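Q: Next up is a structure, given as structure tokens.
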Amino acid sequence: MKLSLLTVAAAAGAAVAAPAAEIDTRAGSVQGFDISGYQPNVDFRAAYNGGARFVMIKATEGTTFKSSTFNSQYTGATNNKFIRGGYHFAHPDTSATAQCDYFLANGGGWSNDGITLPGMIDLEGTSGKPKCYGLSASAMIAWIKAFSDRYNAKTGRYPMIYTSPDWWQSCTGNTKTFGTTIPLVLARWASSPGTPPGGWPYHTFWQNADTYRFGGDSEIFNGGMDQLQRFAKGG
């Protein structure tokens, strides 16, 4: 989740209570990974046999881009017993609700089948856009809230937020607005997750490296397999 596909293409051409599954006492961990169109041919069987149990797959970006590999990746993950979900690369300089609706229409939904993760908003900078997409901290917070509330209204779950401590500090002023309602996917490529930003008491997932042996980025769930299954089911 380092560069958007749109960025690369452009460069080449020129409040509700936290769900019950959000458990405060974490035990163990589960390996997973995230992928996008840069990894079109993942060997999901090998990844599962290698110990991975969940995967996050890029579905959409903005309101015009849908990953051409999403459907095959999602099917491959499903057929190989993964808990899986879609993520949306956010462009907070355009409508939050329009982006949420586009995400939901193109793979970002959630159901309580026990194998579907709630959708994830990928919040990070990208080339060709000003810092924080030109938004003030208050405007960025309002954008995230509008997207999250829309997702919750449509699915009954809040989406996850993927972000780094630096981005969160710079673009939201380290707001604590979402710390008790929205699961955190912490981007920190280090030997330990450290202290979560904002008001989060803990991370739910940790992107601990920008490489993974079966493709994409390494992700670790902050809990055991039973907790991951309950989290996916939403209760």
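Here the Cβ of each residue, glycine as well, is placed from N, Cα and C on the backbone.
Swiss-Prot feature annotations, pasted as is:
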| type | residues | note |
| --- | --- | --- |
| ACT_SITE | Asp34 | active site |
| ACT_SITE | Asp122 | active site |
| ACT_SITE | Glu124 | active site |
| DISULFID | Cys132-Cys171 | disulfide bond |
| DOMAIN | 29-235 | domain 'Ch-type lysozyme' |
| SIGNAL | 1-17 | signal peptide |
Q: In terms of Cα spacing, which of the active-site residues Asp34, Asp122, Glu124 are within 10 angstroms of Cys132 (disulfide bond)?
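A: Taking Asp34, Asp122, Glu124 one by one, the ones whose Cα falls within 10 Å of Cys132 (disulfide bond) are Glu124.
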Q: Which whole-number value in Å describes the distance between the Cα atoms of Glu124 (active site) and Cys171 (disulfide bond)?
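A: One finds 9 Å between the Cα atoms of these residues.
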Q: Just name the winner among Asp122, Glu124 (the active-site residues) by count of other CB atoms within 10 A of its CB.
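A: Neighbour-count leader: Asp122.
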Q: Give the sequence-ordered list of residues that share a chain with Asp34 (active site), lie 6 or more positions from it, and have CB atoms under 8 Å from its CB.
A: Met1, Val55, Met56, Ile57, Lys58, Tyr87, Gln207, Gly216, Asp217, Glu219
Q: So if I measure Cβ to Cβ from Cys171 (disulfide bond) and keep only same-chain residues at least 6 apart in sequence, which ones fall under 8 Å?
A: Leu123, Lys131, Cys132, Tyr133, Leu135, Ala137, Met140
Q: Give the helix, strand or coil assignment DSSP yields for Asp122 (active site).
A: strand
Q: If you count Cβ atoms within 10 Å of the Cβ of Cys132 (disulfide bond), leaving out that atom itself, what do you get?
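A: Around the Cβ of Cys132 (disulfide bond), 18 other Cβ atoms lie within 10 Å.
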